[in-house]
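Here is what Swiss-Prot records for this protein:
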MOD_RES   S2  N-acetylserine
DOMAIN    13-222  domain 'Lon N-terminal'
BINDING   G375, P376, P377, G378, V379, G380, K381, T382  ATP binding site
DOMAIN    651-837  domain 'Lon proteolytic'
ACT_SITE  S743  active site
ACT_SITE  K786  active site
Amino acid sequence: MSSVSPIQIPSRLPLLLTHESVLLPGSTMRTSVDTARNLQLVRSRLLKGTSLQSTILGVIPNTPDPASDTQDLPPLHRIGTAALAVQVVGSNWPKPHYTLLITGLCRFQIVQVLKEKPYPVAEVEQLDRLEEFPNICKSREELGELSEQFYRYAVQLVEMLDMSVPAVAKLRRLLDNLPREALPDILTSIIRTSNKEKLQILDAVSLEDRFKMTIPLLVRQIEGLKLLQKTRKPKQDDDKRVIAIRPIRRIPHIPGTLEDEEEEEDNDDIVMLEKKIRTSSMPEQAHKVCVKEIKRLKKMPQSMPEYALTRNYLELMVELPWNKSTTDRLDIRAARILLDNDHYAMEKLKRRVLEYLAVRQLKNNLKGPILCFVGPPGVGKTSVGRSVAKTLGREFHRIALGGVCDQSDIRGHRRTYVGSMPGRIINGLKTVGVNNPVFLLDEVDKLGKSLQGDPAAALLEVLDPEQNHNFTDHYLNVAFDLSQVLFIATANTTATIPPALLDRMEIIQVPGYTQEEKIEIAHRHLIPKQLEQHGLTPQQIQIPQHTTLAIITRYTREAGVRSLDRKFGAICRAVAVKVAEGQHKEAKLDRSDVADGEGCKEHVLEDAKPESISDTADLALPPEMPILIDSHALKDILGPPLYELEVSERLSQPGVAIGLAWTPLGGKIMFVEASRMDGEGQLTLTGQLGDVMKESAHLAISWLRSNAKKYHLTNAFGSFDLLDNTDIHLHFPAGAVTKDGPSAGVTIVTCLASLFSGRLVRSDVAMTGEITLRGLVLPVGGIKDKVLAAHRAGLKQIIIPQRNEKDLEEIPSNVRQDLSFVTASCLDEVLNAAFDGGFPVKTRPGLIDSKL
């Protein structure tokens, strides 16, 4: 047995103050440093740049360091441990701190504190004896007997540990090689002891006292291990398993305690799981995987982290609806009535749902279609999906995809990762409990993309009827049949949907509502819903249709009805205040009547409170019911109108025309303004325009320059070269909104023609269409939304490309009756329709028509 090599520490040591841990000589401890003095000590004495200094510290236990260095030091513990920092790791979260790995060297005693700031420094005296231990044992028999007794208990403890034979032999060699005088400190830091017991061992300067205090701790640990071995069930692989070197860090339990009851419950749960696996209707491949996992679970200790993961996996497998489904309601007549009651208009969408029901009647094993409702916000795309599920009698589940940027949200995480879980598809199936629900994939056009993968690519398999019968979630790692699920996606635009994903879905356009449709929706659905939410009845409030029309035209500007619904909510809140005040006034009037009757017999005291008299005098009658919401009440509640019809005012001078634009929020009218000035022939474009729109402007000016003589268009100097010493500025108002697309071509031509001819464009005309350099008008998209926007703005005539005439069939008949349409195949027809009296070709005087 070797002896301790002499350790000599400096007489002055910087002090590291710890509170919740005790460091013993020969042991290693990890501690966190976050107080002012300790941080200053680490930065000044341990760290030099990025390197670690070999500085001996004095670790003082059971002494909290004040949070501020302005506070005085608390009383210091008398005995500490000289230590060497092995590792220092810094961090700034949640606050600046260091984590130190320190090794104890020897004991010392504080003689005098030399300074307290910026960190404490003390004069110390080393306490551990440096004499050779064998020489001490020869001179003192009691110390030698204690040493031998301690060694025997230490060997017995090592042999009782649940470790392999080689590991036990290695620990035996370690005990033999360690100095005997170091064993009490080292084993005390390893076995289960409290900080109070460790502090007592630290204070035991004498070796005899140290051995005497440590032996009972070893005996207690040995008895606990014996009790644990009696209560444990023997296993075949006990001799092969290896646990951590630190022995038994938990209190041994007694038979019949809560731990035994929990173990019995776990065993019962495993039996139930095994029974569910045998009786489940899962496919053969999934059944094989579950049987294999349940066998692993039986052999696995409950303390292993993988035990809970495997159990959760098996519980999910038996809960999934592999073959459980609901029966569809295929009554087309009842479905039509239900859809009409829930939603007004949307004829195209309702027809597609009824077609699906009809085909399901003829073919039971029809694969679910993949529908995608595309339209502006607030038109009812999400609520239609819920109505479809209600019509079919199926379960409904909504999956919000807006902002999802991790493909694991769709496919799940592999079970090798910590915190793994299935994807949203499998989770949704577990939630609804059937394999043929209606899944609403909301906002599919707002999927993101990140380093974790592309969720839109993960949806390709889900939304492909030819592949989704074999969908494999990463967490399950077995195939699940999604062919019976009816997937409905919603989007505001198809522009941001990847082409491969768009190709897998059947696009159904859901356009915005007309004013008449909004009025019907308001009085059928919105107003009754708001009355119910605010506790009102139709006998208390009356909103005529002309008031609803005023709200639609002057307080909202949208394709859907969300803002309209909020306006009705504001009206109902204002009426609720009036109704509540009226009930309060009625009660006060009743009380005042009673007081007046009694006042005939009594005199009013002079010191009566004036508030009660004035309150009674100022009482007003409650409002008459029902409260009528007219234009005056509308202005009081909602304030001044937000939108005004300013079309005629803005077209009061040449160089202004009205175009029609399409946005994901629906159609809208767009003004185009032009002005000319002396310059060098430059064309300036403003209004946040895209490249396509800029090219349309250059096309328009080129066509007008080439046809200037034909229409007798001149600049301010009378020249047919429109850009000769002239600059042109084209502006598209709402400059904060980005604009792009080819459909503004005809509007730009009309605006510039008005500028150079000095004629006004008709104030009731709007137009849309793409142009070519030869003056042709090409078709554009979004005709229905654009026409509805023009109708909302009060325009009367719409100029559209001739090849878009077929799109007029989708426009409601009442809108078509209010508007007149001009279909144009070339710019000549556009100009003739945009100006009063047409835009005739100017013939050059003095020319004689040849008859040859």
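Quick reminder: no glycine exception, Cβ is built from N, Cα and C everywhere.
Taking the features listed in Swiss-Prot, we show where each one sits on the structure.
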residue	record	Cβ within 10 Å
G375	ATP binding site	26
P376	ATP binding site	23
P377	ATP binding site	18
G378	ATP binding site	19
V379	ATP binding site	27
G380	ATP binding site	24
K381	ATP binding site	26
T382	ATP binding site	17
S743	active site	29
K786	active site	28
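The distance from the Cα of P377 (ATP binding site) to the Cα of K786 (active site) comes to 16 Å. For the domain 'Lon proteolytic' (651-837), the model gives a mean pLDDT of 90. Among the binding-site residues listed (P376, G378, V379, G380), P376 has its Cα nearest to the Cα of K786 (active site).
Distance between Cα atoms for K381 (ATP binding site) and S743 (active site): 27 Å, as a whole number.
Cα of G380 (ATP binding site) to Cα of S743 (active site): a distance of 28 Å. In this structure the C-alpha atoms belonging to G375 (ATP binding site) and S743 (active site) are separated by 19 Å. Taking CA atoms as the reference points, G378 (ATP binding site) and S743 (active site) are 25 Å apart. Taking the C-alpha positions, the distance from T382 (ATP binding site) to S743 (active site) comes to 30 Å.
Take the mean position of the Cβ atoms of G375, P376, P377, G378, V379, G380, K381, T382, the recorded ATP site; other residues of that chain with a Cβ within 8 Å of it are F373, T490, N492, V510, A559, G560.
According to DSSP, K786 (active site) is assigned to a helical segment.
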